[in-house]
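Taken straight from TrEMBL:
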type	residues	note
ACT_SITE	181	active site, tele-phosphohistidine intermediate
ACT_SITE	487	active site, proton donor
BINDING	286, 320, 439, 440, 450	phosphoenolpyruvate binding site
BINDING	417, 440	Mg(2+) binding site
DOMAIN	8-121	domain 'Phosphotransferase system enzyme I N-terminal'
DOMAIN	244-525	domain 'PEP-utilising enzyme C-terminal'
Ligand code: PEP
Ligand code: MG
């Protein structure tokens, strides 16, 4: 077969060489067994498989994620959970239907509870139900071989997170977008990713070459193409190596202007392997991924925040309160909406579910004594939202003080990612700082969804309308003495850095693998 190169858009730079693994294959249907004994054995084997899978995830997880996984394992190993399903199998039900009915009944019970804690646990049960159903029906080919290039329409964040990337591999998407959350995760873990490849008519077996530096994939490569690919990937590695010389230096432009460069993280374990001397602290810790599949309790959150604060020492750590919703659904917390990016997302959801928000606030107040914490609110559109969120901090602070619990009130700032704030920042002259979320600001200004590849060319931070808003927020901050930073993905993009510095920004936050290249790009700017 002749070699075929298909062009797409680079979403996370790098090179990968491996077999294509199709993400969009239809789920394999469960095949009924010959007898109830066979059905019971199949169910027990599937539960065992789900437990082994969770155990192996636990080994690689940080302490907080491990806590959630261990809770799932304990539930799966509890005979009380499988008992009703085994009884139904005894009355002639196949294993998959018996398990689904038993778990659905259990889930309905949790959902009907008048206590938040139990309602939140319904999400865990749904997860457990689906893991066993998946184990029941999957064939042994469901797992991608190590080093494979995952190919499909899109890839959910959970699939990304459960894939072992230590053996290489990459992501090639028919659709997708460079601004999606999974693209952000790929950049932060250094996984090569290309989006917008369209349908690959032929998907030959054998090795494919993913060029996520320029954006493309080569199928059935000739020896000459493989050779050229190896050359490009080694010169990419050399280029990255050169940028490394900037890593340990403070960032300064050609004109000698200092720029602060911080990191964006999503899990406490993301800081493992980052030398704090190479960055100016954490510009954004997204907390919604901690909320992943189950709502984390106060202790889990406290330990997660404390770990990052202790790692950073005196350097600032900006933790964002949960920004669930949009393309980041959290079972048991977010709601089904027809247009989730314009719906109950970020601070709107937190203010609507104060019981859940207060748990996070207490964890943040307690963690604040362990370092230089700042807290910011996502998706702020009005000054009232900020005041309400700040009032909840004050209330929880008073309650902790009354109980004699050690805590500190951190400076409270806001994300500037809704155009109303960028256009009229004067309503926010009382906030401690602004952090521009260029991902959302761009999608809302350009009316181009960040996760929709079909409108990706419109979703550009380079558009004068977006840059003008960024420049005006930077100018407002300078005038009022309010620090302004940027934590959207544009901050780590060498092609966007000159425009951001020209717009007046001097404080960027980037995915950890982008620290060196961002500093190298800053050194090339003449402001
Ligand atoms: C942003 O919108 O730019 C941002 C940093 O937040 P998130 O990507 O998590 O929505
Ligand atoms: Mg955002």
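The backbone N, Cα and C atoms fix where each Cβ goes, glycine too.
Overlay of TrEMBL annotations on the structure.
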{"residue": "181", "record": "active site, tele-phosphohistidine intermediate", "Cβ neighbours (10 Å)": "21"}
{"residue": "286", "record": "phosphoenolpyruvate binding site", "Cβ neighbours (10 Å)": "23"}
{"residue": "320", "record": "phosphoenolpyruvate binding site", "Cβ neighbours (10 Å)": "26"}
{"residue": "417", "record": "Mg(2+) binding site", "Cβ neighbours (10 Å)": "26"}
{"residue": "439", "record": "phosphoenolpyruvate binding site", "Cβ neighbours (10 Å)": "22"}
{"residue": "440", "record": "phosphoenolpyruvate binding site", "Cβ neighbours (10 Å)": "24"}
{"residue": "450", "record": "phosphoenolpyruvate binding site", "Cβ neighbours (10 Å)": "25"}
{"residue": "487", "record": "active site, proton donor", "Cβ neighbours (10 Å)": "29"}
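The binding-site residues near ligand 1, defined by a Cβ under 6 Å from one of its atoms, are 286, chosen from 286, 320, 450. In this structure, residue 417 (Mg(2+) binding site) belongs to neither helix nor strand by DSSP; it is coil.
Ligand 2 lies under 6 Å from the Cβ of 417, 439, 440, out of the recorded positions 181, 286, 417, 439, 440. Residue 417 (Mg(2+) binding site) sits 5 Å from residue 440 (phosphoenolpyruvate binding site), counting Cα to Cα. Here the domain 'Phosphotransferase system enzyme I N-terminal' (8-121) is broken down by DSSP into helix, strand and coil counts: 74 helix, 12 strand, 28 coil. Within 10 Å of the residue listed as 'active site, proton donor', judged by CA to CA distance, lies none of the binding-site residues 320, 440, 450. Listed binding-site residues near residue 181 (active site, tele-phosphohistidine intermediate): 450 (candidates 320, 440, 450; Cα-Cα distance within 10 Å). Regional average pLDDT for the domain 'PEP-utilising enzyme C-terminal' (244-525) in the model is 96. Residues 286, 320, 439, 440, 450, recorded as binding phosphoenolpyruvate, reach a greatest CA to CA spacing of 20 Å.
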